[in-house]
Amino acid sequence: MSRAALDKDPRDVASMFDGVARRYDLTNTVLSLGQDRYWRRATRSALRIGPGDKVLDLAAGTAVSSVELAKSGAWCVAADFSVGMLAAGHERRVCKVAGDATRLPFADDVFDAVTISFGLRNVVDFSAALREMARVTRPGGRLVVCEFSTPVSALFATVYKEYLMRALPRVARAVSSNPEAYVYLAESIRAWPDQAALAQQMSRAGWSAVRWRNLTGGIVALHAGYKPQPV
């Protein structure tokens, strides 16, 4: 899979992530210039979780994000459809489950909070995934989506686009076990909805009071919403 198939085949995407699993965390830290750690902390803060809460970390990859969430004292489940990614994080002591975001292997209303970081872009039907996340979240529970987005400054957006399409693939060739996967990354980011459009998609999927906060000038956005209480 050398280019971004924007009508993504789930098997291709899972295979691609299996192939980059071994050096995934290192590559992300290098390509983000260390911002990935800040984004994980911001996600944990936005979830507003604490001891006793049950949290689903969807598209958790190697579970590095799940470990950050667990610092709150919450009980965290790391779920991903790439078995290779979960295996690469075997030393991280959180519960791990292989599963498809559009058909989650959990009962209704079981989690106090759900989050997905840099994974919603990779789901073939991300609206279905948003509905599934609502299904497994208890009424009043919270969703936080951490995802690449649209820089707020036109000048910054131009510089960022150049980084994505020119510099990022070159850096990936130096540090990644599968640099072609990062061509997919760049193209999928360019094709992704902006902040307002994603907020609309979340609302249509059943989430209420959807708001977003830009991080790193809008390179990343945190979208948060609640599952409504039954009337």
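Positions of Cβ are set from backbone N, Cα and C atoms, glycine also.
The number of other Cβ atoms within 10 Å of the Cβ belonging to Ala101 (S-adenosyl-L-methionine binding site), over all protein chains shown, comes to 24. In the three-state DSSP classification, Ala101 (S-adenosyl-L-methionine binding site) falls within coil. The S-adenosyl-L-methionine binding site annotation in Swiss-Prot covers Thr62, Asp80, Asp100, Ala101, Ser117, and the record cites sequence analysis as its basis.
In the structure as shown, the Cβ atom of Ser117 (S-adenosyl-L-methionine binding site) sits within 10 Å of 25 other Cβ atoms.
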